[in-house]
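*Asks:* Straight out of Swiss-Prot:
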type    : residues                               : note
BINDING : Ser419, Asp434, Ile453, Tyr476, Thr487 : 3',5'-cyclic GMP binding site
BINDING : His648, His684, Asp685, Asp796         : Zn(2+) binding site
BINDING : Asp685                                 : Mg(2+) binding site
DOMAIN  : 228-365                                : domain 'GAF 1'
DOMAIN  : 397-536                                : domain 'GAF 2'
DOMAIN  : 566-890                                : domain 'PDEase'
MOD_RES : Ser109                                 : phosphoserine
REGION  : 188-210                                : region 'Disordered'
Amino acid sequence: MVLVLHHILIAVVQFLRRGQQVFLKPDEPPPQPCADSLQDALLSLGAVIDIAGLRQAAKDALSAVLPKVETVYTYLVDGESRLVCEDPPHELPQEGKIREAVISRKRLSCDGLGPSDLLGKPLARLVAPLAPDTQVLVIPLLDKETGTVAAVILVHCGQLSDSEEQSLQVVEKHALVALQRVQALQQRRPEAVQNTSADPSEDQKDEKGYTAHDRKILQLCGELYDLDATSLQLKVLRYLQQETQATHCCLLLVSEDNLQLSCKVIGEKVLGEEVSFPLTMGRLGQVVEDKQCIQLKDLTSDDVQQLQNMLGCELRAMLCVPVISRATDQVVALACAFNKLGGDFFTDEDERAIQHCFHYTGTVLTSTLAFQKEQKLKCECQALLQVAKNLFTHLDDVSVLLQEIITEARNLSNAEICSVFLLDQNELVAKVFDGGVVDDESYEIRIPADQGIAGHVATTGQILNIPDAYAHPLFYRGVDDSTGFRTRNILCFPIKNENQEVIGVAELVNKINGPWFSKFDEDLATAFSIYCGISIAHSLLYKKVNEAQYRSHLANEMMMYHMKVSDDEYTKLLHDGIQPVAAIDSNFANFTYTPRSLPEDDTSMAILSMLQDMNFINNYKIDCPTLARFCLMVKKGYRDPPYHNWMHAFSVSHFCYLLYKNLELSNYLEDIEIFALFISCMCHDLDHRGTNNSFQVASKSVLAALYSSEGSVMERHHFAQAIAILNTHGCNIFDHFSRKDYQRMLDLMRDIILATDLAHHLRIFKDLQKMAEVGYDRNNKQHHRLLLCLLMTSCDLSDQTKGWKTTRKIAELIYKEFFSQGDLEKAMGNRPMEMMDREKAYIPELQISFMEHIAMPIYKLLQDLFPKAAELYERVASNREHWTKVSHKFTIRGLPSNNSLDFLDEEYEVPDLDVTRAPVNGCCSLEG
């Protein structure tokens, strides 16, 4: 019996202390020297079953853990509610320091008692002053349920160390537990005398007044020393099966939010995965609310089917008894017994046996569950700390960080799928998925920030837990229908920065080990989102710092490569004033004019002439010296690759001028938009290196490091260089603009220059077609944006609208540049595209494909919107026919050599009826 009661004490120590005891854990460090004496003292307290034993055990326990104990008096409440000590018999003083401790309900320490505390000889030895290094402790023990003082212990001992103070706190708690147990046993004995039993042996008392039922339950309590709820359930369920003669018993634990039941143990079997099901279904949920027992006949067919699936056998009988917490008076579990041996149903005696069991073990069960919850929280906190460590080690790459967030969120919540969206202006963008990071912009997911579940969370900033996705009005099930995937439940939570602004949204889909995401998952997600917000914000900040460093590096590189514009240069340019357009060439404003025929030294003046002819200098009151410096600086901002050089920029700018003059753009666009288009044409290829975007990414260049995450690497660099020139002293032609106009001009330039990326053009091509079909609407802002993009692209490809000889020569320049890149790629060990491989490229077919799929559709759209642009489309179509003839000629006569540029030798030219007019600057002879 002593061993059994020792086990009782161990369980009480572990569960009421919620895992704070270290001396029972096998994986903790060895206990301190006083731990053995403390354990013996607590075991003695756990073994008491009467008042006399309690007094002695309390005295022994305090003597074991406190230093220099000389006297211990224990005062217990008697029948008249007085606090009385029996050794020697006397009542607790009604005045003085002892009474103060009782009233305040807190432990009191003093160097001795005063006259009002003394009741003759019993307390005479405690009078002040005491011997040095000694004290009197007045220790009230509080009944937590009633809030009253259940006992008072008076101790004369030495001064306490920190470890002795902790040991005293342990003894206080367990002395109170022992007292409550003794009182419960005293109350139980009269009931045992009154009750009758069918089996006389069950009511037969031993010499201490205990029945067989009492001995069984005491033995069970002695075995409940486990730290985890699973082991405890196994022992309790084994006891219930014996008492009720059931084939199976289980405990259905009620979740904190009262929304689901869970079961981990059935009879002698521990399930591999915890079984959970909603509490809102059937009669089981009513048991939690009504706190009334039910049997099999009370269940719905769905309840029966669910329980049979869980048990794996047919139900013939069932008894369900609610287990109620004494502390909260709420149902914490449902004790279920199934299929009675030798009977068709469970009796009232079985119900009383279950209730009797949990009358004594219910507190241990709730304490164990609370302890297990604390342990779970502890583990989750440790996991969150590890998550924080993992996240903060990936701040250098946002994509890798988001991938880490997805992995950690899925693992923490046991979700099947996780997605993370970042808020980008009015859109939620997902570039990182469970499968990895998406490098191609065309495959990233963009959704409006105010639509769907993620949009709702981003807008409200509140967590959203959806138990049934298909029943929720914000859920779109079209994706499920098309993929065959079934979304059962969703937990979507916001990610905020330090200013509590939403910067992203995380969406968890399908709880793996439960019917839906629980309140615990919500709390965990909320805590997790804090780490996510901090890490993402710092990662973006880190990225900005790196970008600033890259920009600084680029600025230095540009300054080293280019020379500043001297005062002599712009003075010479403006010496004779701005030349009229008509003085340049009589056909300068015609589509047939080829700008490459103009000497390069005259192009800067031609730019000024066009700006003056379009009246931008006067309308915007641009300072001519500033404009001259800007034009010269832009010209110097171009490197000298075969094609993407200043003459290309000049040709593109001239075509913009032609569109303005011949298509009357002022009837379609605002002046500031046309001005932005012209300046963008000048700057659209600034500092071009003769290589494309994919090469920058593959070579891991500085440009790729700076712009690859945003896409359009070179185009973003061109715009950045344009801004750098504007910020150069004496070059800001927009300096006198209002703040609003200045911001709009820069926004227009950014959008127009980015539109020179053909990938961007292909993305908006359907929108352009739709605009051409319905007709241009000047009041539609979207039409303005689309038209500017179309005009920029048509300017960029304007060489294809010139005569055949110009087009052929331009092809030679382009492929020289392409083949140079191909040679670099081969040197890097990469395989270049066919069009960039001088040994494989078949230029005529490549040009035909380019004409048919890119150039002709662009100028066809331009013709649909502007009938006067028909000649441009016709000339592009004519050039396409020339390439067809060249291709046919090569097919008949054979390939000239292994060098693809030999396709463009004069020998293989198609005879042209146009006669040569004049030498072309860096290009060819011109036709009319």
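For all residues, glycine too, the Cβ spot is worked out from N, Cα and C.
Tell me what's around each of these sites.
*Replies:* Sequence-distant neighbours of Tyr476 (3',5'-cyclic GMP binding site) (same chain, 6+ residues apart, CB-CB distance under 8 A): Gly452.
Asp796 (Zn(2+) binding site) has a Cβ environment of 22 other Cβ atoms inside 10 Å.
For the recorded site, Asp685 (Zn(2+) binding site), the DSSP three-state label reads coil. Within 10 Å of the C-beta of Asp685 (Zn(2+) binding site) we count 26 further C-beta atoms, all protein chains included.
Per-residue pLDDT, averaged along the domain 'GAF 1' (228-365), amounts to 85 for this model.
Broken down with DSSP, the domain 'GAF 2' (397-536) shows 55 helix, 42 strand, 43 coil.
In this structure, Ser109 (phosphoserine) is part of a beta strand by DSSP.
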*Asks:* Beyond the listed site residues His648, His684, Asp685, Asp796, identify every same-chain residue whose Cβ lies within 8 Å of the center of their Cβ atoms for the Zn(2+) site.
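*Replies:* Here the nearby residues are His644, Ala649, Val652, Cys681, His688, Thr756.
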*Asks:* Counting only other Cβ atoms and using a 10 Å cut-off, which of the recorded positions Ser109, Ser419, Thr487 scores lowest?
*Replies:* Ser109
*Asks:* In whole Å, note down how far the CA of Ser419 (3',5'-cyclic GMP binding site) lies from the CA of His648 (Zn(2+) binding site).
*Replies:* 45
*Asks:* Taking only the Cα atoms, work out how far Ser109 (phosphoserine) lies from Thr487 (3',5'-cyclic GMP binding site), in Å, as a whole number.
*Replies:* 63
*Asks:* List the Cα distance (Å, whole number) between Ser419 (3',5'-cyclic GMP binding site) and Asp685 (Zn(2+) binding site).
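*Replies:* So the Cα of Asp685 (Zn(2+) binding site) lies 37 Å away from that of Ser419 (3',5'-cyclic GMP binding site).
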*Asks:* Under 8 Å Cβ to Cβ from Ile453 (3',5'-cyclic GMP binding site), same chain, six or more residues apart: give me those in sequence order, or none if nothing qualifies.
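*Replies:* Within the chain, Ile453 (3',5'-cyclic GMP binding site) has Cβ neighbours under 8 Å at Leu464, Ile466, His472, Leu474, Phe475, Ile490, Cys492, Glu507.
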*Asks:* Per DSSP, how many helix, strand and coil residues does the domain 'GAF 1' (228-365) have?
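*Replies:* Split into helix, strand and coil, the domain 'GAF 1' (228-365) gives 55 helix, 45 strand, 38 coil.
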*Asks:* Measuring Cα to Cα, how far is Asp685 (Zn(2+) binding site) from Thr487 (3',5'-cyclic GMP binding site) in Å?
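*Replies:* Rounded to the nearest whole number, the Cα-Cα distance is 48 Å.
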*Asks:* Give the sequence-ordered list of residues that share a chain with His684 (Zn(2+) binding site), lie 6 or more positions from it, and have CB atoms under 8 Å from its CB.
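*Replies:* Looking at Cβ-Cβ distances below 8 Å from His684 (Zn(2+) binding site), excluding near sequence neighbours, one finds Ala649, Val652, Glu715, His718, Ile752, Ile753, Thr756, Met792, Asp796.
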